[in-house]
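Q: Annotations per Swiss-Prot:
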| type | residues | note |
| --- | --- | --- |
| BINDING | ARG18, PHE19, ALA20, PRO21, SER22, GLU54, TYR181, ARG199 | L-glutamate binding site |
| BINDING | CYS110, CYS112, TYR124, CYS128 | Zn(2+) binding site |
| BINDING | LYS240 | ATP binding site |
| MOTIF | 21-31 | motif ''HIGH' region' |
| MOTIF | 237-241 | motif ''KMSKS' region' |
Amino acid sequence: MMATLTTAISPQGPYVGRFAPSPSGALHFGSLVAALGSYLRARSLGGKWLIRIEDIDPPREVKGAADDILRTLEAYGFEWDDTVLYQSARTDAYQAKLDQLLAQDDAYFCQCSRKQIQAMGGIYDGRCHQLATPHQSGAIRLVNRAQVAEFTDNLMGKVVVDHDFATEDFIIKRSDGLYAYQLAVVLDDAHQGISEVVRGCDLIEASCRQLSLYQSLGLTAPQWLHLPLACLTPGFKLSKQNHAQAIDKQHPQASLNAALTFLGQSTVEPTSAAQMLAQAVAQFELTAVPKQREIILTA
């Protein structure tokens, strides 16, 4: 039975969560942990759970991966609400906001190379914003006036990031013309009405930049809940880029229970995937999830 939504989570309305994979390869165990954690959180609060495919980086995408991800989620018993949102269908919205930010002097073009930024100490110093004749091409950076340096995570507690990282004017459109993750994720979470972002701790620092962008855009930010990362060794997470093994679509029961154990939850009877998820939702306890950024997997 689903728990009653608490107003502490989303005073503006019903809980809305999401899982937003990139189609750069098949889902692996780390992906399953993120999907499961966000699903259990949303369903245990009686909320909606949405799927978004973050397909705005074609050089990293694998043909057919988006469909494979959806079929894998189905094989694991996940049921999502509404239609799947593809970021590639949202580029007009991204560009409209970029144009608005540029017109308001809340963003500017930058032509500094990585080598030049390294010479600045690795943190960009905003020099292109000070030019008498501004650039009209290159990467686009946000004028980071909000400079959010800390926030409260609903699992990890108070999160504080490095001052230089928090104050840097960060890129919101790349020099190759592709929209940066920070811009797309903020606009899409706002567009979909996401009330709480549940994802891995590899993105925990990025939340401060996203909060700065929310303020610049005049948008209401969601709450945050970052889950432990599945790592092979300290600092080396399972990822598609690291060629992590795809989870088995034919036999989901063992992987589901392994992911539940990883999240500190009790295992469930290995019946159908859908029945397992229903039981896992009914007994989900956020307080049991380990409050650590990494968990090293053992053989």
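Counting starts with 1 at the first residue shown.
Even glycines carry a Cβ here, placed using N, Cα and C.
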Q: Considering Cα atoms only, can you say which of CYS110, CYS112, CYS128 is the nearest neighbour of TYR181 (L-glutamate binding site) among these binding-site residues?
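A: Comparing Cα positions, the candidate nearest TYR181 (L-glutamate binding site) turns out to be CYS110.
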Q: What number of additional C-beta atoms lies within 10 angstroms of the C-beta atom of GLU54 (L-glutamate binding site)?
A: 20
Q: Could you break down the residues of the motif ''HIGH' region' (21-31) into DSSP helix, strand and coil, giving a count for each?
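A: Each residue of the motif ''HIGH' region' (21-31) counted once, the result is 3 helix, 1 strand, 7 coil.
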Q: Mind telling me which of the binding-site residues CYS110, CYS112, CYS128 has the densest Cβ neighbourhood, counting other Cβ atoms within 10 Å?
A: CYS110
Q: Take the C-alpha atoms of SER22 (L-glutamate binding site) and CYS128 (Zn(2+) binding site) and report the distance between them in angstrom, rounded.
A: 31
Q: May I ask for the distance between GLU54 (L-glutamate binding site) and TYR124 (Zn(2+) binding site), taken between their Cα atoms and rounded to an integer number of Å?
A: 26
Q: Using DSSP and three states only, what is GLU54 (L-glutamate binding site)?
A: coil
Q: Taking only the Cα atoms, work out how far PHE19 (L-glutamate binding site) lies from CYS128 (Zn(2+) binding site), in Å, as a whole number.
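A: So the alpha carbons of PHE19 (L-glutamate binding site) and CYS128 (Zn(2+) binding site) sit roughly 36 Å from each other.
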Q: Other than ARG18, PHE19, ALA20, PRO21, SER22, GLU54, TYR181, ARG199, which residues of the chain come within 8 Å of the L-glutamate site, judged by Cβ distance to the Cβ centroid of those residues?
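A: So the additional residues around the site are ARG52, ILE53, VAL185.
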Q: Between the Cα atoms of ARG18 (L-glutamate binding site) and CYS110 (Zn(2+) binding site), what distance do you get, rounded to the nearest Å?
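A: Distance (Cα to Cα, whole Å): 33 Å.
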Q: For CYS128 (Zn(2+) binding site), what is the secondary structure by DSSP, using just helix, strand and coil?
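A: For CYS128 (Zn(2+) binding site) - judged by DSSP and reduced to three states - the answer is helix.
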Q: What does DSSP call TYR181 (L-glutamate binding site) in the simple three-state scheme?
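A: The residue in question, TYR181 (L-glutamate binding site), is helix (DSSP, three-state).
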